[in-house]
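Have a look at the structure below, then the notes.
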Number of protein chains: 4
Amino acid sequence: MAGSKYAYVRNFELPDPLLPRTFMVLRLDGHSFHRFSDEHDFTKPNDIRALKLMDHAAKDLMEQYPDVVLAFGESDEFSFLIRKSASLYNRRQSKIVSTLTSLFTSSYVFRWATYFPDRPLKYPPSFDGRLVLYPGAQEIRDYFSWRQTDTHINNLYNTTFWALVQQGGETTTQAHTTLKGTVSKEKNEILFSRFHINYNTLDAQFRKGSILVREEISEEPVPDTSTTADTSTENDTTTSPASSLPKMRGRTKPRTKVVVLHCDIIKDKFWDARPEILSS
Amino acid sequence: MAGSKYAYVRNFELPDPLLPRTFMVLRLDGHSFHRFSDEHDFTKPNDIRALKLMDHAAKDLMEQYPDVVLAFGESDEFSFLIRKSASLYNRRQSKIVSTLTSLFTSSYVFRWATYFPDRPLKYPPSFDGRLVLYPGAQEIRDYFSWRQTDTHINNLYNTTFWALVQQGGETTTQAHTTLKGTVSKEKNEILFSRFHINYNTLDAQFRKGSILVREEISEEPVPDTSTTADTSTENDTTTSPASSLPKMRGRTKPRTKVVVLHCDIIKDKFWDARPEILSS
Amino acid sequence: MAGSKYAYVRNFELPDPLLPRTFMVLRLDGHSFHRFSDEHDFTKPNDIRALKLMDHAAKDLMEQYPDVVLAFGESDEFSFLIRKSASLYNRRQSKIVSTLTSLFTSSYVFRWATYFPDRPLKYPPSFDGRLVLYPGAQEIRDYFSWRQTDTHINNLYNTTFWALVQQGGETTTQAHTTLKGTVSKEKNEILFSRFHINYNTLDAQFRKGSILVREEISEEPVPDTSTTADTSTENDTTTSPASSLPKMRGRTKPRTKVVVLHCDIIKDKFWDARPEILSS
Amino acid sequence: MAGSKYAYVRNFELPDPLLPRTFMVLRLDGHSFHRFSDEHDFTKPNDIRALKLMDHAAKDLMEQYPDVVLAFGESDEFSFLIRKSASLYNRRQSKIVSTLTSLFTSSYVFRWATYFPDRPLKYPPSFDGRLVLYPGAQEIRDYFSWRQTDTHINNLYNTTFWALVQQGGETTTQAHTTLKGTVSKEKNEILFSRFHINYNTLDAQFRKGSILVREEISEEPVPDTSTTADTSTENDTTTSPASSLPKMRGRTKPRTKVVVLHCDIIKDKFWDARPEILSS
């Protein structure tokens with residue numbers, strides 16, 4: 001064949017299989033999103049439209065990849081848990097990282113106008129992805145606890161910081177100085193005493209981040225009002241049917257759907273109610 | 001700190017640096033693009049709008065990443081050459097693969113409406129990316145020869161196949177049978193004798209693919225009519241100023257721009273004229 | 001400094017850390033040992049001196065590396081289990097594989113004359129080593145079951161094969177033909193009816209391989225007669241004090257010693273009695 | 001088959017092929033050789049028997065592995081260059097590192113008594129091995145320049161240090177203090193003025209290390225007196241026929257032999273005379 005004398009170059013492509021029977025966590029982070037959020041006038045400290053857009057992109061990803069059994073998002077990052085037994089793309093690292101990062105990015109741009117109808121995208125945003133293996137269930141619990149703790153710490157800081165600036169009239173430099181060295185209790189106190197803000201009543205999405213899991217759908221085609229006791233006030237009921245996505249081989253079975261929660265994932269309750277997430 | 005007892009999970013993220021002083025080639029491929037092109041009614045055998053969209057996404061990528069010194073595209077794939085001496089993201093494999101794949105995808109979706117103004121995107125497309133290292137210049141020459149040879153082989157087959165179907169009235173099954181075992185000369189003969197098509201006069205983009213390189217811009221702000229002798233009939237003059245992209249640190253110097261060519265890259269001429277591509 | 005302009009070459013040495021909190025199994029295999037055993041007239045089907053020499057080299061290794069909590073040997077191969085929590089050499093793969101393979105080899109040559117006093121080593125033998133990670137305890141159980149099953153299958157075949165040759169007067173070709181397609185029961189039958197050999201009464205070392213574990217030493221300096229109920233007839237009491245090895249930092253605590261057993265490790269009994277092997 | 005239900009554990013063994021067409025350098029280092037040399041009373045600053053033993057082990061390795069085209073040794077370390085085009089063990093990293101490290105170690109122990117006839121080995125020594133890839137010839141030149149420069153620096157320091165201690169009556173602490181901050185010229189001056197030692201007339205092996213290369217053997221079975229002009233006074237003529245090693249497939253062709261030199265490898269002369277080392 002004409003090209004055969006060059007085909008040897010394929011031999012330089014080396015295999016990159018991931019260790020079998022280990023959990024995979026793929027974490028995506030917005031690339032230069034400080035600038036991106038400025039250019040697109042995101043609301044401070046949290047832009048609910050931007051967060052819902054992230055959630056939607058994550059949901060699209062979970063609907064195409066049934067091996068993804070849990071996702072957690074905050075700010076411009078999202079973590080996806082791929083189950084231990086997954087044989088997705090024969091567990092090839094580059095294939096998994098690149099394809100899932102690509103799909104998330106694509107969905108983010110595709111759905112931008114739905115969440116920002118009056119603010120056109122100025123330029124194409126990008127995300128980086130990294131995949132980390134964890135051998136055991138405890139490490140997965142700790143990974144997600146780490147991310148949700150981070151959400152809390154960042155959100156408390158940012159909420160107080162922007163209250164000082166937006167309502168307190170401080171410059172950003174002054175606000176940083178005011179907060180330097182303060183512990184959580186002191187930030188809560190500043191919020192409450194100076195701005196009459198009770199942190200614990202803020203939108204759960206800001207305090208807890210977004211948790212995406214699959215839930216079974218009851219057979220009767222009733223309106224979607226599924227809520228679970230522990231998350232009743234924190235459910236996001238905009239469960240997209242994702243009807244715009246192509247049907248794919250191996251896609252999630254029709255009797256489950258992806259739901260967005262904003263509940264605690266550090267304590268046992270969340271995990272005890274969903275033993276399938278960590279089972280093999 | 002509140003999250004510190006969980007922070008050990010970061011230790012599972014392992015380093016993945018690439019060997020220094022080797023060329024990197026990143027190849028992107030459309031994921032399930034057979035279906036995607038059907039769903040979006042791409043013209044057979046080549047859809048010029050889809051190809052120009054790919055070129056534009058590749059150009060956006062090169063403009064953000066000056067370490068990318070050459071790109072080659074055909075159909076739903078694109079290869080990017082990153083120079084040997086690049087220290088991009090400290091040569092971390094996942095970071096490079098995921099970020100560049102993400103940006104390409106993002107640009108593809110972002111610019112879709114420009115190339116398909118009357119055909120809305122039905123769902124978010126995705127690409128996979130893989131990165132291959134090559135120690136020497138000869139292997140890089142051979143890699144791009146391999147891809148361009150592939151372009152020629154595929155295009156000659158597809159052109160003949162669709163001529164048989166669209167103009168010859170054959171079914172796709174019949175057309176496959178007609179072409180089975182034929183060599184290039186026979187396909188050329190079918191095209192010419194039955195359909196009066198001289199293969200060599202077809203659009204160079206279809207026959208040669210797209211080659212993206214940087215060229216120096218003359219200082220005077222004259223209209224862009226730069227052509228080089230060897231590619232005069234095959235240049236794409238739609239050199240985008242990419243003004244919509246944010247200015248980035250490390251971006252290409254203002255005196256060069258990315259141009260799209262459709263010339264031969266197997267023979268020496270292309271490379272002899274651009275020694276900087278393979279130099280370190 | 002004089003050498004500083006060349007020191008950049010160190011940057012090509014890439015990190016190779018192994019995933020934390022996973023079990024490591026290092027398996028060593030004799031390199032070209034078919035020839036080696038011929039050249040040194042090893043007894044067929046099993047040479048007890050050669051097996052004891054392998055055991056001794058494995059014991060030396062375990063005494064220098066307290067992170068190795070279990071070893072299993074048969075023929076010219078040995079597998080070593082390194083506990084999950086080990087931080088040996090910062091879990092650098094090449095360092096662990098090369099150093100442990102080197103020590104085993106060194107001990108094998110160093111102790112050769114002890115086991116083969118009248119047969120000088122003709123040339124230096126070598127071993128290859130490979131390291132495999134396992135995320136869970138069940139996989140470790142299955143790994144060692146796999147090796148001990150292999151020991152049984154090989155030994156039954158070889159015992160019958162050499163009985164046919166040495167006692168039955170068959171050529172090696174005839175013996176292969178006789179055994180072709182036979183199952184275990186038929187091989188046992190051949191051994192018993194033709195050669196009056198009851199396979200189950202053969203030396204346990206041949207049937208079960210060698211298992212090396214650490215056992216606590218009672219405080220009183222009594223002679224070493226430690227045996228456990230389940231392995232009473234299968235213990236190797238030649239527990240070497242390894243006094244010839246240098247005292248090393250991190251070496252096994254004085255109250256344990258490495259013992260060689262030839263017992264079943266497929267059923268639960270072995271593991272239930274030694275929960276520390278699989279615990280983290 | 002009896003063992004088939006456990007055989008899945010083989011799937012955890014992941015491929016580790018090295019990039020094709022790159023030079024490989026394997027460097028071995030003695031493990032805890034400071035103690036080992038003390039325990040075996042090595043002469044300070046250089047023990048010629050220990051160095052010759054290292055050379056012999058390296059020669060054994062080169063004679064079994066024709067892909068190794070150059071070796072350089074000093075003190076308790078040795079570096080081996082494997083040619084770019086080698087397909088040794090399908091370029092599997094662990095296999096190459098472990099097997100070659102094992103053979104070197106084995107030979108070291110096997111030949112100990114030849115070089116230390118009156119000093120029995122007290123315990124088995126070990127070596128660690130690491131493999132580094134280099135894409136180009138210049139990096140290989142620089143790698144070996146780096147090692148030979150290191151040899152010079154260390155040897156000049158150690159020679160002066162031990163002269164101060166052994167002949168000058170200083171304690172080791174005093175000697176360190178005397179040498180602190182001195183440059184090469186000053187150390188040479190100390191050696192010459194206080195001990196009448198002209199550094200440049202010391203044994204070339206101490207100053208230059210050992211270089212092992214293959215040389216063609218003339219057809220006539222004459223005594224081995226081959227020397228090359230530039231290394232005439234520095235050749236080691238104890239070229240072992242290695243007759244004790246088994247004949248192996250792929251072994252070096254009969255018309256070459258491995259010779260030990262102690263010449264400069266930083267300047268061009270050595271490399272110009274042996275273009276085959278860096279050619280593919």
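The chain as shown is numbered from 1 upward.
Backbone N, Cα and C define each Cβ position, glycine as well.
Among the features that TrEMBL reports, domain 'tRNAHis guanylyltransferase catalytic' is placed at D:6-135. Under DSSP, the residues of the domain 'tRNAHis guanylyltransferase catalytic' (D:6-135) split into helix, strand and coil as follows: 56 helix, 31 strand, 43 coil.
Within the same chain, no residue at least 6 positions away from D:Ser32 (GTP binding site) has a Cβ under 8 Å from its Cβ. TrEMBL lists D:Asp29, D:Gly30, D:His31, D:Ser32, D:Phe33, D:His34, D:Ser75, D:Asp76 with the feature GTP binding site.
Within its own chain, D:Asp29 (GTP binding site) has D:Asp76, D:Glu77, D:Phe127, D:Asp128, D:Gly129 as residues 6 or more apart in sequence whose C-beta sits under 8 angstroms from its own. According to TrEMBL, the feature Mg(2+) 1 binding site maps to D:Asp29, D:Gly30, D:Asp76.
Residues annotated as Mg(2+) 2 binding site in TrEMBL: D:Asp29, D:Asp76.
The domain 'Thg1 C-terminal' annotation in TrEMBL covers D:138-267.
Look at TrEMBL and you will find D:215-253 tagged as region 'Disordered'.
The compositional bias 'Low complexity' annotation in TrEMBL covers D:224-240.
Using a 10 Å radius centred on the Cβ of D:Phe33 (GTP binding site) and all shown protein chains, the other Cβ atoms total 19. All protein chains included, D:Asp76 (GTP binding site) registers 21 other Cβ atoms within 10 Å of its own Cβ. Minimal Cβ crowding within 10 Å, among the binding-site residues D:His31, D:His34, is found at D:His34. The record gives D:Asp29, D:Gly30, D:His31, D:Ser32, D:Phe33, D:His34, D:Ser75, D:Asp76 for GTP. Within 8 Å of the mean position of their Cβ atoms, the other Cβ atoms in that chain belong to D:Phe36, D:Ser37, D:Glu77, D:Phe127. Around the Cβ of D:Ser75 (GTP binding site), 22 further Cβ atoms fall within 10 Å across all displayed protein chains. A 10 Å cutoff on Cβ-Cβ distances gives D:Gly30 (GTP binding site) a total of 22 other Cβ atoms nearby, all chains included.
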